[in-house]
Amino acid sequence: MLILSKLLESPLTLGQEVETSGRFPLVASTWPFLEAVRAAWRAVDSGFSAVDAVVEGCSTCEVLRCDGTVGPGGSPDEKGETTIDALVMDGATMEVGAVAAMRYVKDGIRAARLVMQHTEHTMLVGEQASIFAISMGLAGPTNLSSTESLEKWMKWKKNDCQPNFRKHVLPLDSCGPYHPKGTVDLIRNKCLMANQVETITRRSDHVGIDNHDTISMAVIDKMGHIAVGTSTNGATFKIPGRVGDGPIAGSSSYADNEVGACGATGDGDIMMRFLPCYQVVESMRLGMEPELAAKDAILRIARKYPNFVGAIFAVNKHGVHAGACHGWTFQYSVRSPEMDDVEVFTVLP
């Protein structure tokens with residue numbers, strides 16, 4: 001049973017699901033990303049739209065490099081490069097803009113909004129997403145690596161590139177190139193076996209709060225319109241080209257003015273197979289309260305992948321919010337007119 005509790009930057013106190021009065025605006029976000037929530041709150045409380053507020057909030061997290069897993073300078077891939085995934089969704093129009101595996105541009109959430117504003121597409125990827133973002137006025141090209149990310153990458157290389165996200169493969173040396181088991185010349189394999197380590201690890205060994213995180217934010221503005229956004233630099237030591245759940249509408253986040261919104265974080269490779277945020281919103285559409293909708297979406301994943309790590313917050317159109325998680329303790333942040341500042345709620349697995 002998941003128990004909600006509230007953390008006001010003080011010792012943890014256990015409580016029940018917290019409900020707001022339904023007054024707007026409201027901002028909710030994964031994790032105690034306090035400055036990001038404050039930035040979104042200042043925007044929406046000043047009369048800006050839900051979409052504008054989401055962009056301001058997520059952009060703040062990118063600038064601050066929240067947890068080293070949002071914005072530039074974190075989560076190097078196997079080649080040491082940092083790339084950006086981001087999404088913004090307007091719950092009034094159901095429009096979505098997203099960028100995935102974007103190189104050389106640090107402003108992920110702003111690039112995603114440009115896709116929504118200035119194209120008929122939903123997602124742009126890779127270097128072409130960067131070219132588009134720069135052509136629309138964003139700064140770049142920029143090296144998204146940092147001293148910290150490169151040091152992390154070098155340490156990983158010295159550890160024979162372990163752990164990694166490969167499976168059922170054998171490397172020609174400790175860090176590849178990799179070949180499927182059984183397809184490489186058997187004699188050569190036998191000669192190399194003494195120096196080879198099969199690169200199969202439990203996902204829990206390399207997916208966790210310290211290396212696999214996302215800001216997912218939902219905002220209800222003064223008009224009752226809802227928007228969501230996400231930004232992440234993805235899983236640390238991911239295979240180059242990997243796209244997680246961050247830019248996938250319905251997975252990392254989802255919004256519908258008629259129902260509410262959802263944000264998610266965790267093992268995106270697993271979670272995106274279930275579209276948990278779409279599931280949450282549709283469950284609320286059918287009458288489920290946010291708490292039950294969030295728990296149901298998490299349990300659907302856990303039944304298939306009992307070792308997965310992930311979490312969800314849900315907010316209905318009245319401002320009632322709740323969270324659910326599996327495999328770790330989850331915190332999400334909320335700001336509403338009834339609060340003097342951002343409040344952090346803790347969900348226990």
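Cβ atoms here come from the backbone N, Cα and C positions, even for glycine.
Taken from TrEMBL as is:
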ACT_SITE  Thr214  active site, nucleophile
BINDING   Arg242, Val243, Gly244, Asp245, Thr265, Gly266, Asp267, Gly268  substrate binding site
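Annotated features, which come from TrEMBL, shown on the structure.
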{"residue": "Thr214", "record": "active site, nucleophile", "contacts (Cβ under 8 Å, 6+ apart)": "Thr30, Thr69, Val70, Thr230, Ser231, Thr232, Asp245, Gly246, Ser252, Ala264, Thr265, Gly268"}
{"residue": "Arg242", "record": "substrate binding site", "contacts (Cβ under 8 Å, 6+ apart)": "Asp77, Ala101, Phe165, Gly234, Ala235, Asp269"}
{"residue": "Val243", "record": "substrate binding site", "contacts (Cβ under 8 Å, 6+ apart)": "Asp85, Ala100, Ala101, Val125, Gly234"}
{"residue": "Gly244", "record": "substrate binding site", "contacts (Cβ under 8 Å, 6+ apart)": "Asp85, Thr232, Gly234, Ala235, Lys238, Ser252, Gly268, Asp269, Met272"}
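Cβ packing within 10 Å was compared across the binding-site residues Asp245, Asp267, and the lowest neighbour count falls to Asp267. The number of other CB atoms found within 10 A of the CB of Gly268 (substrate binding site), across every protein chain shown, is 28. Farthest C-alpha pair in the substrate-binding residues Arg242, Val243, Gly244, Asp245, Thr265, Gly266, Asp267, Gly268: 16 Å apart.
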